[in-house]
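**Student:** Let me begin by handing over the structure; questions about it come next.
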2 protein chains.
Amino acid sequence: MGEINLLIPGPTPLPPRVLQAMGREMTNHRGPTFGRIMAEILDGLKDVFRTRNDIIPLVCSGTGGLEAAVVNFLSPGDRVLSVNNGYFCERFAEIAERFGARVDRVLAEWGRPVPLDAIAGRLRADAGRDYRAVFVTQSETSTGVHNDVKAIRSLLGDHPALLMVDAVSSLGAIPLETDAWGVDVAVTGSQKALMSPPGMAFISVSDRAWAVAERASTPRFYLDLQRGRVEARRQPPGTAFTTAVTVAYAVHEALRLIHEEGLDRVFERHRQMARMVRAGVRGMGLRTLTEDAWAVDTVTPALAPDGVDAVTVGTQARERYGVLFGRGIGKLEHTVIRIGHLGYTQSAMLLAGLETLGRTLNDLGARAATDAGLEAARQTLRAPAKR
Amino acid sequence: MGEINLLIPGPTPLPPRVLQAMGREMTNHRGPTFGRIMAEILDGLKDVFRTRNDIIPLVCSGTGGLEAAVVNFLSPGDRVLSVNNGYFCERFAEIAERFGARVDRVLAEWGRPVPLDAIAGRLRADAGRDYRAVFVTQSETSTGVHNDVKAIRSLLGDHPALLMVDAVSSLGAIPLETDAWGVDVAVTGSQKALMSPPGMAFISVSDRAWAVAERASTPRFYLDLQRGRVEARRQPPGTAFTTAVTVAYAVHEALRLIHEEGLDRVFERHRQMARMVRAGVRGMGLRTLTEDAWAVDTVTPALAPDGVDAVTVGTQARERYGVLFGRGIGKLEHTVIRIGHLGYTQSAMLLAGLETLGRTLNDLGARAATDAGLEAARQTLRAPAKR
């Protein structure tokens, strides 16, 4: 833990080795030294994406990555089905609409998954097979819901729509089997489970999606993935435009950390941290927005007790105790405190965060059973890991 | 100097204080601590841009910044006049065409400025005042030509076209008087004279340009500057999407360095380094692509001697001596060696680079008067500074 305890669901804390890697001197982004680093990044990402697809690196935030998915694989007027149960699902849909797509939303209350039969119904109703894409946000960070990519892919069957997954806050924290499940386009960012600073997005593109890109007529230049593919396939690989060299240094080192730990153990650690935080929150007498059956292992939205403004909790926790929680987003702003537990976030940081949450609530006159919460949280660390 | 001597015209070497600033721990890009940093960045940039306009930060390379200029201020079918004498001028034009603009190019041979009377002629011929924008690349890095923004602005008179300046490799190295000259849109990047890693672009937008943005119909989302303006005008300011926090840490510290040195002294230092490199190149018997009357103070393209492939010179300099020169771009690939001298690049690095250039040429059997070149270069450091 540094001077602050950063418990937002991204950007996430940087491991010391990642911080150190960024201290390397600047180099030529088109030279062979950096080319080797980029080659190792793309190989390492293929392991995490679980894919043999091309991975295209971009200099942008996760939102820029989502825009790349829209402008490279959709044309104005194309129909899209948006599996939509939160703020970031809606952002993906909004981007598509901005570029002229016609988006149907299959909705659910925030904090709940979209029923699979509702999705199946929309697909059945699409007799002409007009949908060109289905959008799924795997980890909906605003609500802590895990949207089931594999199940949604199964519903698609042989429907020709591309499955496009926002994996910005999920990749490297929970399993995404890009090839085995048949994900056509998956987007992630550097600043979540990849334990690096914000500034780069990475997109996995299937052969089916590349074929669609040939025909997609939305104009694009900076985010043109076909242009990126030319550079990514060179030996050594590069990027179409100047890349974010120090962010790449960070991602390179973070992927080594993931490789050393092993992807399965990384996922298990995320499950354990999630279990611990949920137990801690409930142990102190709070509820979580999201039921465990569909809770994602990256962030836990705790509901503020009646009469307590979640924004005030966040402000006080930061100002008095140096703990940074995520604010509730959109309509959840005043009711939800989001505790991020992805990437390098350690149990000690989370226990300190839980302690601060309880203390802050008590400061504000709400009764939180801080000690009981901490004990419940610690208990999960002693319990044998369950899958 | 580190293990390598980085003499490409960007990304440029990072000052130790900038490297150190990037070692700060990650924080909430939406929190007050980072907000104060962003406020100081935007204030510091206004000093360097010499403007009271809004400065909008984006997470992208310089090319992304140019695309933002296109998609926010132009509509499909709009006519653009491109002052076009190099690779990066052409890129700006190409982006506009990709998004549907009709671009007229007023050309010059690479290495020469576009004659002002040719530009004036095009503007006179535009009786209907159809041009919506004039594109100028202030420092054309492919050829080392300084395009005269002030003079071109004067030619425009009361023509309503927006003056859009690619200042990616010029801002902070040579004067750009955004307000005094009447530059509507100016784009720069973090990785050139701002002495930071690549990953962010900054755009200055005049009130006149904002009025145009209201009507511009090109679809945009990630690079939407109006959305960026909402965040940039908050107190403290932010960005529309997750910002590149560590790059921002770097820019913040680099702007302090510029402020401490004083902008005029920074420009004088760039003039001095440019004078030194040109003298060194010529002193060893080589020619520069560009005449001094219009040479920019950021990069010097040296012409390889007859019979010597510039690519080979670059490869050998890197592999044998650890000096990284810029390659010739496009049609200049095999004839030009580009020596970058912007940002934190020091005279010792440049003298070592000149020594390596001469040595490498001699290795390759060309006769270069290395010692005479170094003496001529050093001589400029002893001469009183001329404006």
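Cβ coordinates come from backbone N, Cα and C, glycine included.
Pulled these features from TrEMBL for this protein:
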- A:5-289: domain 'Aminotransferase class V' (DOMAIN)
- A:LYS192: N6-(pyridoxal phosphate)lysine (MOD_RES)
- A:ARG338: substrate binding site (BINDING)
**Student:** Which value does the mean pLDDT take for the domain 'Aminotransferase class V' (A:5-289) in this predicted structure?
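**Tutor:** Overall, the domain 'Aminotransferase class V' (A:5-289) comes to a mean pLDDT of 97.
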**Student:** Quick check for the class: what is the C-alpha distance, in angstrom and rounded, between the residue listed as 'N6-(pyridoxal phosphate)lysine' and A:ARG338 (substrate binding site)?
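**Tutor:** A Cα-Cα distance of 15 Å.
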**Student:** In sequence order, which same-chain residues at least six apart have a C-beta under 8 angstroms from the residue listed as 'substrate binding site'?
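**Tutor:** In sequence order, A:ILE8, A:PRO9, A:THR141, A:SER142, A:GLY144, A:VAL299, A:THR300, A:PRO301, A:ALA302, A:PHE325, A:GLY326, A:ARG327, A:GLY328, A:ILE329 meet the Cβ cut-off.
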**Student:** Quick check: in three-state DSSP terms, what is A:ARG338 (substrate binding site)?
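**Tutor:** Note: A:ARG338 (substrate binding site) is in a strand by DSSP.
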**Student:** Ten-angstrom check, please: count other Cβ atoms within 10 Å of the Cβ of the residue listed as 'N6-(pyridoxal phosphate)lysine', all chains counted.
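**Tutor:** Summing over all protein chains shown, the residue listed as 'N6-(pyridoxal phosphate)lysine' has 29 other Cβ atoms within 10 Å.
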